[in-house]
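S.K.: Quick one: the structure is below, questions incoming.
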C-alpha cells in the first residue's frame with residue numbers, strides 16, 4: 001500500500017501576480033528622445049561645431065506695443081520670436097514626412113540659439129498656463145523654435161521738438177555667446193520677416209512704420225556679432241497738447257490784453273488781472289515740466305510757453321510804465337501851477353494816480369481838452385496859461401507867455417492794443433511754420 005503525503009503550499013502563491021502598468025506619458029517621451037537620438041549627441045555644442053557658422057533665421061510677430069515712456073525713455077513690446085535653423089543631429093526617419101511638435105520641456109535638452117535683447121531693461125517669457133514655448137522638428141533636421149516674450153527696452157528720444165516730435169525706436173536682437181564665426185543671424189525673409197497686428201494703437205502716438213535692418217556689432221574683448229534691428233517710427237498726436245497746453249496758454253495771453261482797455265485809473269482792476277495771468281502761466285509751465293524728463297536742452301513746448309509768459313509779463317510792465325509816466329506828468333503839472341499860482345487841474349489827464357483833485361471840468365475851461373485830432377484819435381490835451389513877469393527876458397512888464405503841455409500816457413495803451421496782438425500773431429506764424 002502506497003502512502004501519499006500532502007505537502008503544504010502557501011495559499012498566496014496561488015493568487016495571480018499583477019504587474020504595474022507603464023506610464024504612457026513617460027513612454028512617449030522616451031520614444032521621442034530615442035527617435036531624435038538625444039542621448040547619442042552632445043547638445044552643449046552648436047550644430048556643425050568646428051565648421052562654418054550655423055545660419056539662424058529669425059522672424060517676429062509683434063503682438064502689442066504696450067507703453068512709451070518719455071520720462072524713463074523706454075518702450076514695452078510683446079512679440080512672438082521665432083528661430084529657424086538646421087541640426088542634423090535631430091533628423092529622424094518618417095514615412096509621412098510630418099514634423100513633431102514639442103513644448104518647452106524638450107528645449108532644455110537640445111541646442112537652441114542664445115538670443116538676448118540688447119539695451120533691454122527687463123524681459124520675460126510668458127508662462128500662463130504653461131511656458132509659451134514651442135519646438136517643432138522636421139525629419140530632415142530643420143528646427144522651428146518659437147516663444148512669446150514681453151520686453152522693455154531703452155529708446156533714446158530727442159525731445160527738442162516735443163510735442164511736435166517724431167521718435168524712432170529699435171528693438172535689437174543678438175546672440176550672447178556666438179560670434180559671427182559660429183552663428184550667422186539673419187532675417188528669414190528680409191523686411192517681410194516682421195509682421196504686426198493691425199489692431200496695435202497707442203494713445204499718444206501714431207505708428208507710422210515698422211521695418212528691419214541687420215548690422216554687425218563689435219566688442220573689443222569678444223569680437224563681431226550679428227545684430228538684428230526691429231525699427232518703428234512714432235509720430236505724437238498733438239490734439240491732446242493743444243487742449244491741455246497751447247490753448248490755455250494762448251487764452252492767458254489774450255486775457256492779459258484786456259487790461260489795455262481798462263481805465264488806467266482802475267488800479268485794483270488792472271494789477272490783479274496781470275498778476276493772475278502771470279501765476280496761471282507759471283502753473284501751466286510747471287505742470288508740463290513735471291511730466292517730462294529733465295533734459296538739458298529747450299523743447300518746442302518750452303519755447304511757446306516761455307514766450308507766452310514774456311507777453312503776459314510785459315503786459316504787467318506796460319501798466320507799470322503807464323502809471324509811472326502819468327505820475328511824472330502830474331508832478332510836472334503841479335510844479336508849474338504852483339509856480340504861477342494857478343489852481344490845480346492835475347486830475348484832468350490822469351487823476352487818481354497821486355492826488356485826489358479829479359473832477360469833471362468843462363471843456364471850455366481846459367482849452368482844447370478832448371478835441372479830436374486829424375486822424376480821428378482823441379488825445380488828452382491841457383492848455384496851461386502861464387503868466388510870468390519877464391522884465392529881464394523880454395523887457396516888457398506884464399507880458400504873458402503861453403505854453404502847451406501834451407499829456408499822452410494813455411497812448412501807450414492804445415499802441416499796446418495793436419502791438420501786443422500783432423506781435424503774438426507773428427510769433428505763432430513763425431512757431432508753427434518751424435515746428436509743424
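Using N, Cα and C of the backbone, Cβ positions are placed for all residues, glycine too.
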S.K.: According to TrEMBL, which stretch among 304-325, 326-347, 348-369 corresponds to the feature transmembrane segment?
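M.R.: TrEMBL lists transmembrane segment for residues 304-325.
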S.K.: So which range, 238-261, 382-405, gets flagged transmembrane segment in TrEMBL?
M.R.: 238-261
S.K.: What does the DSSP secondary structure composition of the domain 'Neurotransmitter-gated ion-channel transmembrane' (245-337) look like, as residue counts for helix, strand and coil?
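M.R.: The domain 'Neurotransmitter-gated ion-channel transmembrane' (245-337) comes out at 79 helix, 0 strand, 14 coil.
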